[in-house]
Structure formats: structure tokens, C-alpha cells
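Have a look at the structure below, then the notes.
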Protein chains: 2
Amino acid sequence: MQTVKVALFSSEQDRSYPIYIGNALLEQVDLLLPHLPQKRVAIVTNTTVAPLYLDQFRRALERHGICSVAIILPDGEDHKNWQTLNLIFDALLEQRCERKTTLIALGGGVIGDLTGFAAATYLRGVPFIQIPTTLLAQVDSSVGGKTGINHPLGKNLIGAFYQPRMVLTDSATLTTLPDRELRAGIAEVIKYGLIRDADFFMWLEQNITGLITRNADILNKAICRSCEIKAEIVAADECEGGVRALLNLGHTFGHAIENAMGYGVWLHGEAVAAGTIMAANLSKQLEFINESDFERICSIFQKIGLPVSAPKLSPDDYLSLMKLDKKVEEGRIRFILLKRIGEAMMSHDIPASTLRETLLTCMANE
Amino acid sequence: MQTVKVALFSSEQDRSYPIYIGNALLEQVDLLLPHLPQKRVAIVTNTTVAPLYLDQFRRALERHGICSVAIILPDGEDHKNWQTLNLIFDALLEQRCERKTTLIALGGGVIGDLTGFAAATYLRGVPFIQIPTTLLAQVDSSVGGKTGINHPLGKNLIGAFYQPRMVLTDSATLTTLPDRELRAGIAEVIKYGLIRDADFFMWLEQNITGLITRNADILNKAICRSCEIKAEIVAADECEGGVRALLNLGHTFGHAIENAMGYGVWLHGEAVAAGTIMAANLSKQLEFINESDFERICSIFQKIGLPVSAPKLSPDDYLSLMKLDKKVEEGRIRFILLKRIGEAMMSHDIPASTLRETLLTCMANE
């Protein structure tokens with residue numbers, strides 16, 4: 001036998017990237033220019049966002065000598081699949097987009113995840129920029145390089161870690177965001193306080209009205225602090241070997257809810273809200289947090305108008321949906337729990353009876 | 001405007017991996033064990049290879065306490081597409097394969113590329129091992145981490161760079177390889193001599209009969225030297241920013257031939273053989289190599305029984321197919337040329353008339 005070694009040490013390349021956050025940044029194309037290897041980009045957006053921001057953005061690009069191709073997809077979580085991904089590939093090939101053509105995601109989380117996955121796999125990888133236009137995408141999905149699509153059996157089961165070259169967050173785009181989506185996005189903002197920053201959580205409790213009424217300063221501060229926390233965690237653990245898993249507070253339950261109800265029926269943030277209550281209930285049962293902490297958590301979600309009860313399913317249905325989660329190991333489901341408000345932990349060892357109790361307690365009665 | 005930085009420096013991780021080459025290695029499961037994070041693997045193979053080697057391999061795994069799931073795909077280049085990839089995902093999910101379940105590709109280049117791409121994207125990445133069973137896969141596609149699928153508009157247009165944990169090359173599997181596929185695989189072996197090692201090319205000229213008649217020692221030496229050259233090039237340039245492109249000698253023409261004829265009609269190695277003659281013809285026209293070098297190159301492919309003429313198409317059809325190649329930049333096609341036998345170079349600047357002359361000269365007359 002002979003052995004040949006393929007010697008692959010990580011390249012020295014610095015893949016760090018900036019997130020620019022502010023009001024009316026969409027036309028500040030000078031922020032993008034240093035990140036474009038070619039004076040041609042492909043903008044991927046959807047039928048909801050295109051009429052609002054596409055022309056404005058393309059004209060701004062044109063003023064800087066950048067020509068663009070637009071790919072307009074149908075809107076909604078139920079389009080986050082192979083078929084839609086293939087629409088992107090077909091358009092990129094028809095338009096002769098090359099390895100140096102940058103893909104720009106202009107839209108919410110679905111557009112960002114689809115475009116990022118397309119960028120990761122088109123010609124084995126092309127440059128990618130995120131311009132998130134929903135609160136959820138601005139505080140969560142546009143940062144950190146998780147990309148992917150859903151499979152009929154579960155959410156985000158197919159995908160890649162693929163980092164953008166930059167993120168441009170124009171909080172002015174939130175003025176056109178439907179109220180329900182704004183509220184769903186706040187669920188992820190609250191998550192950052194719960195897992196990492198008790199002071200931020202308290203600030204959110206005090207400023208919840210400002211968030212809901214879209215006070216620009218309060219929104220910018222909330223987005224910025226959320227991105228800081230996410231950036232810190234992603235830098236420590238890019239591919240979710242450890243601490244990054246804490247970002248999934250409420251998500252194991254939440255994904256089961258989204259899957260059970262059919263993608264798009266519950267918004268992701270709504271499912272995360274109910275899922276976070278379930279995780280908090282588990283944490284309370286295990287005596288990490290007390291009743292008053294639990295009440296604070298329920299109360300903030302209620303004030304936002306987010307669901308605090310899970311849809312009624314049999315506990316076995318929940319368990320079998322949760323076992324489809326990406327993070328199952330040797331058949332055991334991984335849960336993110338709250339040690340206290342401002343600190344999360346991971347556990348693979350939740351007694352079955354405790355979990356069942358949480359499922360039964362947290363389900364809506366009707 | 002505020003800026004948050006996502007600080008991502010390359011991880012320190014050493015992703016180097018071994019290629020084990022020898023006779024009757026398939027049952028040497030002890031070579032695999034150190035690379036399996038879980039005592040469970042999913043073997044992806046096809047309807048041709050499964051009856052030959054699957055049971056033998058699974059029994060060997062079982063003797064070492066490794067349980068396996070088998071996913072048997074239809075055979076052939078025309079199945080290297082989304083539909084077949086989805087068959088893998090469906091099976092992995094139905095069998096509850098997890099992030100630590102290793103995917104093992106047991107088969108030729110199509111199986112390796114499909115399985116590698118599935119491993120790169122299932123749950124955003126799971127461990128992957130290559131067990132190539134064709135000469136082409138053993139000397140080329142199993143090494144270096146290129147994975148992917150074809151698109152109706154072109155070959156390997158969708159994919160990822162994703163390295164295996166190890167490659168296990170059992171040259172005994174070549175005893176069952178159809179003669180036509182053996183000969184097609186030799187085309188890639190010759191490529192290594194042409195681009196990097198004139199002595200190896202000369203050794204191949206002298207040992208061509210031994211290769212065709214499957215002399216075990218000669219095959220092992222050819223595989224080993226091919227893997228050494230590929231490993232060296234991949235280590236220097238994992239994601240094809242530069243020198244790795246030289247491995248594509250004959251491939252820009254070759255992919256156009258495969259695409260024009262319909263995937264699977266010409267074997268990849270056959271298309272590469274004709275494509276290499278075309279690249280050699282270009283190199284001769286540009287006065288890098290002389291007539292006698294060109295004749296040596298034609299002669300070795302002829303002795304193997306590989307095509308030295310391209311199928312008859314209009315030059316414009318060739319050009320438009322070649323422009324679908326992944327490596328087109330600003331609309332210009334990239335060619336790999338021979339400076340001399342044993343040294344290749346890249347060029348974006350081939351005069352249109354020279355290219356047309358090569359296309360017309362190298363096409364079959366009938």
C-alpha cells in the first residue's frame with residue numbers, strides 16, 4: 001500500500017466582513033464598491049420587495065457604473081426549496097454570470113438563505129452580499145453565513161456555511177415592513193438579550209413600545225446590539241461546533257412548529273417566540289430560572305403580540321418533528337436552556353417526562 | 001451609520017488527508033476507523049457497483065462494529081443532477097442520518113461528485129470518505145474536493161469545494177472495470193504527465209501496454225504518481241485561484257464535447273482525450289510545442305484507443321458551449337496550453353482565428 005498525503009492547511013485568508021447599519025444606506029453604493037470584483041452583479045429579490053426597492057437600488061448601482069441583472073422570485077417560506085433555487089441557477093446561466101459576478105440578496109431571510117446557498121454552489125462559489133430588508137434578516141439571518149433551503153421533511157436541512165463579503169442594513173427599509181413581520185423579527189432581538197446580555201434584555205423591556213412603533217433610534221440600537229452579539233458568537237464558532245448553538249434558543253421547538261403548521265403559516269419569529277417560552281418552561285422545571293424570570297419572558301412576548309402558546313399537537317408528534325432537527329446526536333435531541341436571563345446553556349439530557357410536561361403545559365388549550 | 005465587524009480568521013484546523021493506494025484495500029476497514037466520528041455510515045453507490053462490491057464492504061464494516069445504510073443510485077453521467085441528489089437527501093433523512101454520520105462514496109466519478117456534494121450540503125456539511133472504483137475517479141475526481149452536479153446548460157456548474165476525510169483506492173476494483181472505462185481513465189493519467197512531469201509521460205509511453213492489460217504494478221504506479229501530482233497542485237491552490245486550473249488541460253474543449261453529445265454518450269476521459277489533442281493543436285499553432293511533440297501526444301492517445309478527433313459541430317456551436325464553462329472571465333474563455341511536454345500554462349488571449357483553425361483541424365471529417 002502506498003499513501004499520498006493531500007496537505008491542506010487553512011489558507012491565511014481573512015474572511016472578516018463588515019455589517020453597515022444605518023438609515024437610508026441602500027443608495028450608498030460606495031460602501032459596496034470595494035467588495036465587487038467585477039462591475040456586474042446579480043440581484044436576487046422577490047415579488048414583494050422588488051416594487052419597493054429594486055429600481056431605486058439598480059439606479060444607484062448604475063450611477064456608479066455597475067450593471068445589474070435582477071432575479072425576482074416568488075415570496076414566502078414555502079418557496080425556500082430546490083425549485084426556487086433552480087430558478088436562480090437558470091437565470092444566472094442564461095445571463096452568463098461568472099465566477100466574479102457578485103450575488104446580492106435584497107430581501108428577507110428566505111431571499112438571503114436562498115441567495116447565499118446559490119452563491120455557495122453556483123460555479124462552486126461566487127461572491128455574495130446581503131442587503132436584508134426585514135428586521136429578522138437584519139438581526140439574524142443575514143449575519144453568520146448560514147445558508148440553505150428547506151426539505152419536505154424539515155427546515156434548513158440542506159445548505160452550506162458561506163459568508164457574505166459584507167452586509168448592508170438599511171433600517172429605512174423597515175418602514176414598509178408589515179406589522180406582523182416586524183413583531184416576528186423582535187422575537188430574535190429578545191433572544192440575544194436572553195442568551196447573552198441581561199442589560200440589553202432590560203433595555204428591551206423598557207423600549208418595547210419604541211420598537212413596535214418603529215422609532216428609528218431604538219430600532220437602530222436594537223439591530224446594532226443584536227448584530228454585535230451575533231458577530232461575537234459567530235467569530236468564536238463559525239461552523240457551530242459549540243457556543244454558536246446557543247443562538248438556537250427556542251429554535252428546536254420553533255422548527256417543529258413551523259414544520260407542523262406548514263412553512264409560512266407561522267412566521268419564523270412567531271414560532272421562535274412560542275419555542276422560547278417552551279425552552280424557558282423547561283429551564284424553569286429544571287430550576288435554572290424562577291417563576292418571576294419566566295413571567296418576565298412571557299410578558300415581553302405578550303406585549304409584542306407574539307404567540308406564547310404552541311399549537312396543539314400530540315407530544316409524540318412534537319418529539320418526532322424535533323428529531324428531524326440538524327442537531328440531533330445519536331438520536332438525542334439537543335436543547336438550549338436558560339441558566340438565567342442573559343445566559344444560555346446546551347443540554348442533551350432532558351428527562352423524557354420533563355420534556356413531555358413542557359409540551360403539555362405550553363400548548364394552547366383550544 | 002454604525003459598523004459591526006464579523007471577525008473571521010481561518011481556523012487553525014488541519015484538513016489534510018491521506019490517499020491509501022493498494023491492492024485489496026476494500027476490506028481493510030481499520031484504515032477507515034480513525035476517520036469515523038460515529039459508528040454509523042451511509043454508503044452511496046450505484047446499480048453497477050453495488051452487486052460487485054457493496055456486500056463485501058458492508059460485511060467488512062460490520063466485522064468492525066460499523067453499521068451502514070446503503071443508498072443505491074442509477075448509474076451514469078446523465079443521473080448527475082438535482083433529482084438524483086435529492087434521492088440521497090431523502091434516504092439520509094428517512095434513515096435519520098446525523099451530522100456525525102459519514103457519507104462514503106463507493107463508485108466512479110459521478111458517485112463521488114454527487115456524494116461529495118450531498119456531504120457538503122446535508123445539514124450544512126457532514127464527514128465524507130471516497131472509495132473510488134474506476135481509474136478515472138482514482139486518479140482524478142476522488143482527490144481534491146471538487147464536488148457537484150451538472151445543469152442542463154453545462155457540466156459541474158453547481159457544486160462545492162468539499163474535501164474528503166480520506167480516500168481509499170483499491171486498485172483490485174479495476175479488474176471489473178469495463179475496458180472502455182479503463183481506457184478513458186488513462187486519458188487523465190496522461191494529462192498529469194503532460195502538464196507536470198515529462199519523465200512520467202515518457203514512462204507512460206513505454207508502459208502503455210501494461211496499463212491497458214491491467215498489470216497491477218504498472219496500474220498502482222500510474223495511480224500513485226497521478227495522485228502525487230494532483231495532491232501537490234491541490235495543496236498549493238485548493239479553490240482554483242491559480243495553478244489548479246492547469247489540471248483542466250483538455251477540459252474546456254472536453255466539456256463542450258460532452259455537453260454537445262449529451263452527457264454519457266462520450267465518456268469524460270474520451271472527451272478529455274480529444275480535448276487534449278485540441279489544446280495541443282492550439283499550443284502547436286502558437287509555437288509552444290513542435291510537430292514532433294504533437295505527434296507523440298496523438299500517438300499515445302491512439303495507442304490507448306481513445307478518440308483524437310472531436311465530433312463534427314460548427315465552430316460557433318463549440319464556442320457557445322465553451323462560453324458556458326465555469327472559468328469564463330469577462331466573457332473570455334480560459335485555455336490551458338502546453339509550453340512543452342511536462343509543463344502547462346494558462347491563457348485568456350487566444351486569437352479567434354487561431355481557435356477557429358484548431359476547431360476545424362481537430363474535428364472528425366465524416
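Using N, Cα and C of the backbone, Cβ positions are placed for all residues, glycine too.
Within its own chain, B:Gly112 (NAD(+) binding site) has B:Ala105, B:Gln130, B:Pro132, B:Ala137, B:Ser141, B:Ser142, B:Thr147 as residues 6 or more apart in sequence whose C-beta sits under 8 angstroms from its own. Under the heading NAD(+) binding site, TrEMBL lists B:75-80, B:109-113, B:133-134, B:Lys146, B:Lys155, B:173-176.
Taking Cβ-Cβ distances under 8 Å and a sequence separation of 6 or more, the neighbours of B:His268 (Zn(2+) binding site) in its chain are B:Glu77, B:Gly109, B:Leu136, B:Ala184, B:Gly254, B:Glu258. The feature Zn(2+) binding site is assigned by TrEMBL to B:Glu188, B:His251, B:His268.
The annotation domain '3-dehydroquinate synthase N-terminal' is assigned in TrEMBL to B:71-183.
The feature domain '3-dehydroquinate synthase C-terminal' is assigned by TrEMBL to B:185-328. On the 0 to 100 pLDDT scale, the domain '3-dehydroquinate synthase C-terminal' (B:185-328) averages 94 in this prediction.
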From the binding-site residues B:Asp75, B:Thr134, B:Thr173, B:Thr176, pick the residue whose C-alpha lies nearest to the C-alpha of B:Glu188 (Zn(2+) binding site). B:Thr134
Just to verify a number: CA distance, B:Thr134 (NAD(+) binding site) to B:His251 (Zn(2+) binding site), in angstrom, no decimals. 19
From binding-site residues B:Asp75, B:Asp78, B:Thr173, B:Thr176, the one whose Cα lies nearest B:His251 (Zn(2+) binding site): B:Asp78
Can you list, in sequence order, the residues of the same chain other than B:Glu188, B:His251, B:His268 whose CB lies within 8 Å of the CB centroid of the Zn(2+) site? B:Leu136, B:Asp140, B:Ala187, B:Lys191, B:Gly250, B:Gly254, B:Gly269, B:Ala271, B:Val272, B:Gly275
Quick one: among the binding-site residues B:Asp78, B:Glu188, which has the most Cβ atoms sitting within 10 Å of its own Cβ? B:Glu188
Secondary structure content of the domain '3-dehydroquinate synthase C-terminal' (B:185-328), with strand meaning DSSP E or B: 105 helix, 3 strand, 36 coil
